[in-house]
Amino acid sequence: MGEVVHMHFTTVDYVIFVLLLVASAGIGLFYAFSGGRQRTTQEFLMADRSMSCLPVSLSLLATFQSAVAILGAPSEVYSFGTQYWFLGCSYFLGLLIPAHVFIPIFYRLRLSSTYEYLELRFNKTVRICGTATFIFQMVIYMGVVLYAPALALNAVTGFDLWGAVLAMGLVCTLYTALGGLKAVIWTDVFQTVVMFAGQLAVIVVGTSQAGGIAEVWRKAVNGSRIAGLDLNPDPLQRHTFWTLGVGGVFLMLALYGVNQAQVQRYLSSRTEKEAVMSCYVVFPCQQIVLCLGCLMGLVMFARYGEDSPLDKGYVKTNDQMVLYFVMDVFRELPGLPGLFVACLFSGALSTISSAFNSLATVTMEDLIKPHFPNMSETKATLLSKGLALAYGLVCLVMAYVASIMGSVLQAAFSIFGMVGGPLLGLFCLGIFFPWANSIGAVVGLAAGLAMAFWIGIGSFVMRISRPLVGPNLNTTALPLFDNMTTTVLTSLVTSPTAKPRPTGVEALYSLSYMWYSAHNSATVVVVGLLVSLLTGPMKEKELTPGTVFPVLGTLLFFLPDRYKEKLCCITPLILK
């Protein structure tokens with residue numbers, strides 16, 4: 001592996017990439033001119049609440065599986081072993097709780113925007129605060145999630161950077177603005193198939209070239225890349241069973257429980273039962289995706305061992321190393337590099353299309369409709385399409401901003417993760433604590449955001465101001481949780497063994513990124529409850545029925561509905 005691989009794309013590779021764009025645009029145009037032709041806001045923003053379980057499940061999966069995850073998971077396993085796989089343990093509760101707590105509440109209230117709940121439960125001020133926080137989160141993130149994989153692809157293959165960014169951004173804007181949520185969901189289904197195909201192709205060919213799966217496993221064992229169960233309870237340790245399996249639950253809840261992009265898919269389901277089933281169906285799919293990422297990392301290790309392209313200077317970052325590996329494996333197989341590029345950008349497309357649609361929804365439902373209640377359906381639909389188009393253009397602007405951010409790029413990614421925890425805390429405060437009031441909600445959200453940015457930015461500044469010592473390995477890094485993903489960029493990293501255990505404020509800055517969501521959401525709940533107790537509990541007459549989950553039901557949410565209804569009747573705040 002000593003020679004430099006000469007990276008280049010063939011005509012066939014470009015054709016496959018173009019076919020991805022054409023197919024995605026074609027799906028959007030089909031739904032723009034079929035059915036109801038997106039003439040109502042219910043059809044454009046909520047797919048007429050007519051979607052079945054399978055497409056909703058695959059769309060949930062596609063939104064979760066961003067391009068950053070496709071590049072990040074294999075490099076994580078290559079560098080540190082399979083400890084990352086224990087993240088899969090968090091998927092069970094991370095999907096079971098939304099299925100039986102969050103979905104029933106949101107679905108039965110017939111919401112379009114998740115933040116409508118906050119007005120029903122608290123007041124309009126809390127709703128606006130939640131909406132503004134979400135918009136800030138997504139606007140910052142969506143340009144970066146489009147630019148980052150394009151930058152990595154350009155660095156390794158010479159693939160035209162802005163050609164890729166513009167093509168993906170414009171095509172995504174086209175099918176989102178014309179076809180609405182139906183187009184977004186069905187393109188997600190198509191893009192999920194492409195993602196699976198691209199990853200499987202790399203694994204199959206790479207395993208064959210390495211001498212078979214037994215040889216891959218043998219080299220991984222000999223190279224100490226097969227991790228055991230690490231039960232170290234230290235929250236400063238980057239990846240242990242507790243940080244991944246328990247801290248990961250809160251990350252999953254922030255995504256699958258209260259994130260507008262995901263909740264909007266549940267609400268587009270035909271029935272509540274199908275919405276709940278979509279959570280169950282996505283669980284095995286996520287496990288498969290996680291296993292594919294881990295297996296690709298092991299195949300990379302079988303090919304390069306400890307002598308990585310990063311150490312040789314062939315690439316500059318770990319995310320580029322995955323693309324280098326793909327081009328190396330497929331060097332004699334024209335067309336397959338194009339398939340993986342299609343896989344990579346399918347991840348980006350699914351994430352940013354979800355951002356456009358969800359941003360258009362919350363802007364329309366939370367910021368515009370309340371001020372123009374008599375707006376005609378035709379004007380509202382046209383305005384919704386205009387909002388989706390506008391956010392698509394904002395995405396391209398943010399991609400340009402990302403291109404000039406330099407070392408701040410990782411911090412921009414982290415903003416997405418830092419905001420998810422406080423929003424989760426805000427919804428938990430309203431759902432699980434009937435005595436919490438609107439003042440406590442606003443102050444709690446502000447405290448959670450302040451804590452999130454203090455720890456996140458403090459950690460970032462501490463790491464870049466400290467000279468790198470030892471090998472270029474990753475320690476606790478800022479979260480990249482999105483829609484989407486819990487993978488960590490490894491561009492700005494330090495050695496996990498070259499520094500003493502931090503104390504004081506540095507210990508707080510060194511908290512594993514997997515605990516960020518739990519820590520920040522807990523801050524919102526604790527501060528919110530304290531302020532609520534000081535300012536007086538919420539008056540019962542102010543509570544909208546169905547906005548508070550019964551305490552007994554919280555503990556026994558996994559019981560069948562017929563038993564839950566009997567238990568819930570002991571409180572007037574029943575879930576109906």
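Including glycine, each Cβ sits where the backbone N, Cα and C put it.
Curation does not apply to TrEMBL; its annotations are automatic.
The transmembrane segment annotation in TrEMBL covers 14-33, 53-72, 84-107, 128-149, 161-181, 193-214, 239-258, 279-302, 339-362, 382-402, 408-432, 439-462 (among others).
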The answer for the transmembrane segment (14-33), taking Cβ pairs under 8 Å and residues 6+ beyond its ends, is 167-168, 171-172, 174-176, 178-180, 182-183, 186-187, 190-191, 194, 335, 338-339, 341-342, 345-346, 349
Determine which recorded stretch among 128-149, 161-181, 193-214, 279-302, 382-402 has the most C-beta pairs below 8 angstroms with the transmembrane segment (53-72). 279-302
When you check the transmembrane segment (128-149) against the transmembrane segment (339-362), do you get at least 3 Cβ pairs under 8 Å, counting only pairs 6 or more apart in sequence? yes
Under 8 Å Cβ-Cβ from the transmembrane segment (279-302), and at least six residues away from its ends along the same chain, one finds 53-54, 57-58, 60-61, 64-65, 69-70, 73-78, 82, 84-85, 87-88, 91-92, 95-96, 98-99, 103, 196, 199-200, 202-203, 206-207, 210-211, 215-217, 219-220, 223, 225, 256, 266, 321-322, 325
What residues in the same chain, six or more past the boundaries of the transmembrane segment (239-258), come closer than 8 Å to it by Cβ-Cβ distance? 60, 64, 80, 83-84, 86-87, 89-91, 93-95, 97-98, 101-102, 114, 229-233, 279, 420-421, 423-424, 427, 479, 481-484, 486, 512, 514-518, 521
